[in-house]
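Input: a single structure, listed below in structure tokens.
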Amino acid sequence: VKFINHPLGVNSQKHSPCFQEISITRPSWTRVLILAGVATTIGSSLPVGYNIGVVNSPAGPSVMHLDTFKVIKTFCNESVYSHYGTVLGKGGLSFLWSTIVSVFLVGGTIGSLGGSVFADRAGRKGALVVSSIIGAVAGVLFFASKAANSVEMLICGRLLVGVSSGLITSVMPMYLTELAPRLLRGSMGVLCPLGVTFGVLLGQILSLYKILELACIRNAKEEMLDHEIQELKLEEQDCDATENSWNIIKVLMDKSLLLPLLLVCSLQAGQQFSGINAVFYYSVLIFQSAGLSLENSQLATIAAGCCNLLMAIISIPVMAKFNRRNTLQLSLVTTAFFLILLGLAIYFISQVTWMPYLSIVGVLGFVICYGIALGPIPYFIGSELFEVGPRPSAMALGSMANWGGNLVVGLCFQSMLSLMGAGSFFIFAIVVIALFFFVRDQRERSNSNSSFMQTRIFVKTTRIAS
């Protein structure tokens, strides 16, 4: 039972404190809330992961994507020859492949910045609808490119699906976390990276083998939501009262938002600079060195992807029960350890007989530790750190940092691989260690009122309610 004071403090008839008795129920997963999460995961974030996994490779056509590369190679040669009468050489074909892969990341960066505008003007749900429309147009271009024998349509489709993906990764975590009650925000925020992870796995497999009413969603009485709704309205009124509405430039210029913005952007970019794509690129080679055939090595890599998906599922209850910061620091430390272990194992893989098995341990250990927190938390933490006004711009900047980091790794990894080989993993480990110290340093500097700092209080509340 909870007693709430009257806004005026006294009862007009009896001149005594007025109380309202309401029952408090523990927030739970309702059918409509689950439906909203499943629908957005399958309809929005899963296609993002699929478009990453079906064709993307950080270093060009790896063994995992050899079949896909052959198909696109033949298509590109036929298209260029029929339109321009030219046969592409090895260098020209590699450049065209890189363009097809990288233009998706360019579109993702553009879409991330656009997420701030659409989230404010069309609303969170409206922005997701816009992203779906753009994705549908991209799908039509993909389908028509084969009939038209046009590589240009394929590139345009990849650019548009990148824009759609950038919008989704920028807006969807906000939509889900604002839809959920406070104790379930972390779990709902994990659904976006969960869909991306499953989409990547689905794309890898296929490439191998030719708002409703808030009270209804939360199953809570309207009076239970009045405080939260009024809080959101007050924040929006504060934003409207300012001379200029929040935008990316204003968020960047506001010194009070600098530290949380740096935290969001560093986590989003650090997720890519951790080397997750590089680990999957090396995985087939590692499994082959351990004595597996090419086909079994590919299946083992799919198993590693399944492990990544499993960790994304496990992270749903983890985000609801454990402190965000401690979980993230644990993930960073263990991820750095397995990156160093993997680098050493690959470096000595041909010199020591048991090193291939140690490298398998490194791959699986990295995937598990990455999925604990470094994978899911960067996607939704911005929606917990920022109020309603600057939230879309901050999420857009964070999403842009993620896509930008993906683009940088995609452009530079081939050169790192040629120059350093297995030493590339040591660079990724250094980045992860630096991110660990940065996150730890923010404990004293962060705003004590942010959800990121109050997660431990939320956990205690959950246990008491249980």
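Counting begins at 1 with the first residue displayed.
Backbone N, Cα and C define each Cβ position, glycine as well.
What TrEMBL lists as domain 'Major facilitator superfamily (MFS) profile' is 37-447. Residues or ranges marked as transmembrane segment by TrEMBL: 95-114, 126-144, 156-176, 188-209, 257-287, 299-318, 330-349, 355-381, 419-439.
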**Fill in**
In the same chain, residues at least 6 away from the ends of the transmembrane segment (330-349) whose Cβ sits under 8 Å of its Cβ atoms read 274-275, 279, 282, 286, 289, 355-356, 358-359, 361-363, 365-366, 369-370, 372-374, 421-426, 428-429, 432-433, 435-436, 439
**Asked** Taking pairs 6 or more apart in sequence, does the count of Cβ pairs under 8 Å between the transmembrane segment (355-381) and the transmembrane segment (257-287) hit 3 or more?
**Response** yes
**Prompt:** Excluding the flanking five residues on each side, which residues at least 6 beyond the ends of the transmembrane segment (257-287) place their CB within less than 8 Å of a CB in that stretch?
**Reply:** 56-59, 62-64, 251, 294, 296-298, 300-301, 304-305, 328, 335, 339, 342, 346, 349, 356, 359-360, 363, 366-367, 370, 374-375, 377-379, 381-382, 385-386, 390, 394-395, 397-399, 401-402, 404-406, 408-410, 413, 424-425, 428, 431-432, 435, 438-439, 442, 445-447, 450, 452
**Asked** If you count Cβ pairs under 8 Å, which stretch among 126-144, 156-176, 299-318 touches the transmembrane segment (95-114) the most?
**Response** 156-176
**Prompt:** Among the recorded stretches 156-176, 188-209, 419-439, which has the greatest number of Cβ pairs closer than 8 Å to the transmembrane segment (299-318)?
**Reply:** 188-209
**Request:** Please give the sequence-distant neighbours of the transmembrane segment (156-176): residues at least 6 beyond its ends with Cβ less than 8 Å from one of its Cβ atoms.
**Result:** 36-37, 40, 44-45, 47-48, 51-52, 100, 103-116, 118-119, 124-125, 127-128, 130-132, 134-135, 137-139, 141-142, 145, 188-189, 191-192, 196, 211, 379-380, 382-383, 391-392, 395-396, 398-400, 402-403
**Averaged pLDDT score, the domain 'Major facilitator superfamily (MFS) profile' (37-447)** = 80
